[in-house]
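Enquirer: Sharing a structure, written as structure tokens. Questions coming.
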Amino acid sequence: MVDTAIVSACNTLPATEQPARAALSALDTTAVPTVNQPTTNRTALSELNTSIVPSVARPAPTPTPAPALEVQPTAGIELVRHSTPRTQPKSSPDAAHEASTKTEVQPKKASRKSAKTPAVVPGRDAPVRYTYWITLGYLTLLAYIIIQCVFILQRQSGPRMDEATYIVAGIRTLQGQGIQDGYLSWFAGSLLWPLLAGLGFTLKGLLLVRFTAMAFGFVTLVALYSATRNLFDARVACFTAMAFVANSTMLVLGHLGVSMSPAVALLAISLACLSQLTNHPHRFWICAAAVAFALAVITEYLAALMLLPLLGVLAYVRQDKRRTDIFLFLFLATGLFLAFLLSFQYQFGDWVSSVTNTVATPRTSRLALLMTQAYFTGIPCVIAALGFLLAGKKKLTIFLLIASVLFPLYHGLTGIAADMDGNAGFGFLFLYPLIGLVCALLWKRMFLLKFLALIVLAGLIVLGVYQYPKLDNNWPDIRQPATYLAQQAKPGDTFLINDSWSYSMYLYAQHKIKAPDAVLNNYQITHSKAKINICQYNWFVETKWSNSWPATITKQLRACKNFVPVYFYEQKDTALKSNFQILKYTDTVTIWKNINSHITTNKTPGPSKAGKK
């Protein structure tokens with residue numbers, strides 16, 4: 001490179017300085033010992049330079065005198081080092097030779113796009129470092145599908161009362177009778193899930209309904225994994241997914257056809273959309289999150305309690321624009337919910353009044369409800385609180401921790417026990433990222449703390465497996481007595497069944513009743529819903545595990561003297577006692593038939609507002 005520079009410097013000299021050129025060409029190679037290049041023949045290089053110079057057309061040099069040159073090795077090096085050669089034409093062989101022998105590459109100027117985009121996006125992990133965590137997270141998602149498929153296919157139990165209620169309401173809604181039946185006056189949500197449940201039952205029975213619930217559970221897990229990975233990293237997301245899969249409540253909601261399954265999934269989608277703002281700060285994600293949250297509230301009204309933690313996450317990821325974005329989120333979500341509410345405001349008002357009456361006169365002790373909530377959520381809450389203390393993002397984790405106590409406080413303060421197990425899933429959605437954070441922080445430390453992280457994860461899995469049977473096996477399997485009743489009954493028959501909705505699903509699906517209120521339960525009898533005399537009913541079913549018939553009803557039935565038992569069924573079952581121990585007992589079903597009744601009229605009572613048991 002020095003030889004080429006010398007030749008270039010010499011070529012720039014005027015013709016009158018040819019002696020200086022010859023002197024520079026005769027420099028000994030030992031004068032430049034610091035240049036790591038093979039020794040070349042300076043004479044040959046000078047001859048090559050002399051042969052090249054005449055072939056290049058150059059402009060006439062100016063007559064200004066050139067500075068004196070000292071023909072010394074060190075002076076020659078200094079001359080080349082500080083002189084600026086003239087720009088050669090692109091076709092010049094000197095320029096080509098200089099470009100080929102250049103060893104130092106100037107740094108490329110960063111473009112405007114690369115200057116704005118950081119090398120590692122905050123909240124996102126390095127692609128190589130966390131490859132195995134990402135792979136393990138995907139394997140966890142696959143394991144969830146396998147576990148739920150085993151639960152659905154192996155344990156094909158009868159419908160839970162909530163499942164049967166939603167299925168019947170969905171079939172009636174598909175037939176255009178859902179609003180007239182008044183389900184919205186006592187459902188804690190819209191008819192969105194009943195429509196899906198009724199459609200699935202019509203196509204493939206209860207099996208398809210539960211597979212639909214499994215699909216919503218999978219969406220919940222994927223959205224939670226994505227949100228945790230965006231807010232933290234892949235390691236935290238992987239631990240979160242593994243712990244969340246083993247949660248007892250989510251194991252049940254993963255295959256139970258109730259409205260909490262789609263509501264939790266929609267809430268998880270809203271959280272995932274807000275987390276996308278860490279990588280893609282576009283307000284499209286705010287709009288998508290608001291729509292998903294509004295649909296979650298429409299599906300299950302109590303999902304509105306999760307508004308505070310969602311707004312907290314939004315304020316954290318959009319600190320500079322949080323006021324405008326929070327207003328946009330509230331505007332869209334409120335507008336969508338009001339559009340639904342104004343259409344069915346009269347029935348929604350009935351639901352609010354029923355909830356108010358329940359709060360005024362609770363059926364269950366508030367202390368017992370708080371203890372039950374602590375039994376199912378206490379240990380995860382303690383671990384999540386530890387995650388809050390260890391986390392550096394206090395402004396984010398405080399809202400995740402607050403979300404875990406909202407529903408326990410709701411059930412404990414109001415005394416409402418309905419859907420207590422399913423509603424816990426809303427809080428677990430925000431709670432388990434903190435649990436994953438604890439395990440990830442322990443894993444990053446020394447070997448003993450990694451072992452402790454595995455102990456925490458294994459303990460949560462064991463806890464979920466232990467609590468799962470207490471939630472999933474707490475209702476009887478009435479498929480055999482319900483099938484017998486549906487086969488023996490005739491279209492237009494009337495029924496008195498204290499566990500009415502589970503039997504109504506089979507009777508209505510086989511067209512033995514024209515409307516669900518042809519089957520009356522305790523609530524409807526005690527609230528004067530009966531349209532005919534009690535002795536004129538065709539069938540009487542008594543189930544021991546459900547609300548027992550009042551003494552006045554059984555006394556009237558004995559006075560009729562025309563009901564005879566035609567079917568008896570019993571099975572071993574389990575239930576959760578007040579001390580959180582498993583109680584084993586025997587369920588019995590007795591079906592009585594009115595032998596003196598004749599179907600004098602096929603006209604069943606008209607549709608009315610059905611009362612939930």
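For all residues, glycine too, the Cβ spot is worked out from N, Cα and C.
Pulled these features from TrEMBL for this protein:
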- 34-53: compositional bias 'Polar residues' (COMPBIAS)
- 95-107: compositional bias 'Basic and acidic residues' (COMPBIAS)
- 198-338: domain 'Glycosyltransferase RgtA/B/C/D-like' (DOMAIN)
- 34-120: region 'Disordered' (REGION)
- 132-153: transmembrane segment (TRANSMEM)
- 183-201: transmembrane segment (TRANSMEM)
- 208-228: transmembrane segment (TRANSMEM)
- 260-277: transmembrane segment (TRANSMEM)
- 283-314: transmembrane segment (TRANSMEM)
- 326-348: transmembrane segment (TRANSMEM)
- 368-391: transmembrane segment (TRANSMEM)
- 398-418: transmembrane segment (TRANSMEM)
- 424-443: transmembrane segment (TRANSMEM)
- 448-468: transmembrane segment (TRANSMEM)
Enquirer: Mind tallying the domain 'Glycosyltransferase RgtA/B/C/D-like' (198-338) by DSSP state, helix then strand then coil?
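Expert: Each residue of the domain 'Glycosyltransferase RgtA/B/C/D-like' (198-338) counted once, the result is 120 helix, 0 strand, 21 coil.
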Enquirer: What parts of the chain pack near the transmembrane segment (448-468), using Cβ distances under 8 Å and only residues at least 6 beyond its ends?
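Expert: Contacts with the transmembrane segment (448-468): 239, 242-243, 246-248, 251-252, 376, 379-380, 383, 435, 438-440, 442.
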Enquirer: For the transmembrane segment (398-418), could you work out the same-chain residues 6 or more beyond its ends whose Cβ comes under 8 Å from its Cβ atoms?
Expert: 188, 302, 305-306, 308-309, 311-313, 316, 355, 358-359, 362-367, 369-370, 373-374, 377, 380-381, 384-385, 388, 424, 426-431, 433-434
Enquirer: Across the domain 'Glycosyltransferase RgtA/B/C/D-like' (198-338), what is the average pLDDT of the model, as a whole number?
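Expert: A mean pLDDT of 93 is what the model gives the domain 'Glycosyltransferase RgtA/B/C/D-like' (198-338).
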Enquirer: Using a threshold of three or more Cβ pairs below 8 Å, and leaving out pairs closer than 6 in sequence, do the transmembrane segment (260-277) and the transmembrane segment (424-443) count as in contact?
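Expert: Contact between the transmembrane segment (260-277) and the transmembrane segment (424-443): present, because at least 3 Cβ pairs are under 8 Å.
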Enquirer: For the transmembrane segment (208-228), name the stretch out of 183-201, 260-277, 283-314, 368-391 with the most CB-CB pairs under 8 Å.
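Expert: Comparing 183-201, 260-277, 283-314, 368-391 against the transmembrane segment (208-228), the winner is 260-277.
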Enquirer: Restricting to the same chain and to residues at least six past its boundaries, which positions have a Cβ under 8 Å from a Cβ of the transmembrane segment (183-201)?
Expert: 163, 166-174, 208-209, 211-212, 257-259, 261-263, 295, 298-302, 340, 344, 347-348, 350-351, 354, 418-419, 505, 509, 609-612
Enquirer: State the non-local partners of the transmembrane segment (260-277) in its own chain: residues 6+ outside its ends, Cβ under 8 Å from one of its Cβ atoms.
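Expert: Contacts of the transmembrane segment (260-277) (Cβ under 8 Å, skipping residues fewer than 6 from its ends): 123, 189, 192-193, 196, 213, 216-217, 219-220, 223-224, 226-228, 230-231, 253-254, 285-286, 288-290, 292-293, 295-296, 299-300, 303, 306, 310, 313-314, 317-318, 419, 422-423, 425-426, 429-430.
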Enquirer: Quick test of the contact rule: Cβ under 8 Å, at least six residues beyond the ends. What residues does that give for the transmembrane segment (368-391)?
Expert: 247-249, 397-398, 400-401, 404-405, 407-408, 411-412, 415, 417, 420-421, 424, 427-428, 431-432, 434-438, 441, 456, 459-460, 463, 467, 578, 580
